[in-house]
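Data block below; observations after.
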Amino acid sequence: MLSKKLKINDVQLIILDFDQKCIGQFNISLLILTLSNWISSTRNKNRYLAMADMKPGTLKLKREMGVIGGVALTAGTIIGSGIFMSPQFVLANAGSPGASLVIWALSGLISLCGALSYAEIGTLIPESGGDFIYILRIYGPFPAFFAAYNYILLTRTTSNTAASISVAQYALAPFYGDCHPPQLMVKCAAAAALLVAGILNSLSVRLVIRIQVVFLVAKVVSLLVIVIGGLVAVIQDSSVLEGNLKVENAFEGTQYSVSALGMAFYHGLWSFAGWYNLNYVIEELKKPEVNLPRAVLIAISMVTVLYLLVNVSYFVVLTPRELITSSAVAVTWGNKVLGDWGWIMSVAAALSAFGSLNGSFFSGGRVCFVAAREGHMPDILSMAHVHRLTPSPALIFTTIISLVVLIPGDFESIVNFFSFTSWFFYGVTLSGLLYLKIKKPELHRPYKVPIVIPILILIAAVGLVLAPIVDNPQIEYLYVTLFIFSGVLVYVPFIHYKLCPGLLRKVTIILQLFLEVAPAEKNL
């Protein structure tokens, strides 16, 4: 190891040269920037010496999750704002309670089949990164960049933003009674939720998993309160069931428009968003070949049953008109059933939405991290904190983009465009799984699903992407499509031809020192 000291404007630079593998694609491994008063304490000296003595390849994300953690991450991310805010949109588009319940059941089935298909490709390609890494390994870097570009800048950030808006709306609901909270207050509270989630995920993986387990228990208890409340309402007055949810009239008023049903499915499936989350963090899952399929099967089955029972309770207590016109279904239900204690449902829904946001940050930051590790994003995003072992630069970047998307966004439009772009790339990934099944049958597969399952989910993905465009085309879908393919303007100059490497290198070194991060290798 060679070291030398330079003096530039009273700033001391200590340059430590290792071999060329030490800092990703750079020849320098570490450049430690300190001020003389900063290194005066022994503690800080020792900390930087520890960073300097790190050997290449010793920094990895730890495998902290078992099957319980996997269930908590999957179910905890799924059960969020969706079940508390989407029922009115599903009903409004489906047209009848019966059709609404069918859509909820089919949304759960599609999510389960999709998760099991992803479990096969996840055990076949056991790397974090989800769709990006699968498309990269199967189709190559060019299409993979589009997946990363859109996931990081559009799909994941819109999901985070929608969840944060839900947290804000439910947290503020008790203070405004029957009135809608001011949009400025909602946006400020949502921004605070995004910042808190980003900070928590940057601090500790173990802390995030523990929070997910605690919040999952709270979510399940909240949903059981709604289920039991509906059952008690029926026992106390059986005419409620006959008035609000007549079996013979359950499908009266059903919408058969392809666009309307597509929108209903968008909101139903958005409430199951998170079924794929475990694939994005598979390098941090213990025994993924066993725990990945087991965790998604347990989590999604449990969530589907709970969602159906909760929707039945909504229909028992509320009339279809009350449900559709409600801005927060759980709050309306709580005010009608719990009376003065109705605010409890607002708090429960806010905590539930925040738990989903927390899990979304956990998995979403890893996509940015892996894309940078593969050379599709700036190198600084591929680094992990040297002490906390979290991908803090990627999480900070995700937080910033989510805050930008929050400024003009509203809940319903965010969900629609999130679903549109998400299912496009789910379809690309599932087509890759079918390719591997047909062309590479000799590959070792610790877990397999029948080929008919990914075929059906691929057909569903194509339908969900095309149906709204064909039946009711809107200019917004054109904007989203143009954004998806605008990635070529970034890929060609900066990824393929690697323009401005010197500038990026300087920025990377400065940020690396400021954030105390270093390159992390794969954890296979």
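Using N, Cα and C of the backbone, Cβ positions are placed for all residues, glycine too.
Note that the structure is predicted; figures quoted are calculated from it, not measured.
Record features (TrEMBL):
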TRANSMEM  65-86  transmembrane segment
TRANSMEM  98-119  transmembrane segment
TRANSMEM  131-152  transmembrane segment
TRANSMEM  184-201  transmembrane segment
TRANSMEM  213-236  transmembrane segment
TRANSMEM  256-276  transmembrane segment
TRANSMEM  296-317  transmembrane segment
TRANSMEM  343-369  transmembrane segment
TRANSMEM  389-408  transmembrane segment
TRANSMEM  414-436  transmembrane segment
TRANSMEM  448-470  transmembrane segment
TRANSMEM  476-497  transmembrane segment
When each of 98-119, 131-152, 184-201 is checked against the transmembrane segment (256-276) for Cβ pairs under 8 Å, which one has the most?
98-119
Do any residues, 6 or more residues outside the transmembrane segment (131-152), come within under 8 Å Cβ-to-Cβ of it, and if so which ones?
121, 125, 276, 364, 367-368, 370-371, 374-377, 397-398, 401, 421, 425-426, 428-429, 432-433, 435-436, 483-485, 487, 490-491, 495
Do at least three C-beta pairs under 8 angstroms join the transmembrane segment (184-201) to the transmembrane segment (476-497), pairs 6 or more apart in sequence?
no
Chain residues in Cβ proximity to the transmembrane segment (389-408) (below 8 Å; excluding those fewer than six residues from its ends, i.e. six or more beyond):
59-62, 152-153, 156-158, 160-161, 164-165, 187, 190-191, 194-195, 197-198, 201-205, 361, 364-366, 368-369, 372, 380-383, 414, 511, 515, 517, 520
Feature contact check the transmembrane segment (448-470) with the transmembrane segment (65-86), CB under 8 Å, 3 or more pairs:
no
With the transmembrane segment (296-317) as the reference, find which of 98-119, 343-369, 448-470, 476-497 contributes the most Cβ pairs under 8 Å.
98-119
Given the cut-off of 8 Å on Cβ pairs that are 6 or more apart in sequence, determine whether the transmembrane segment (213-236) and the transmembrane segment (343-369) share at least 3 such pairs.
yes
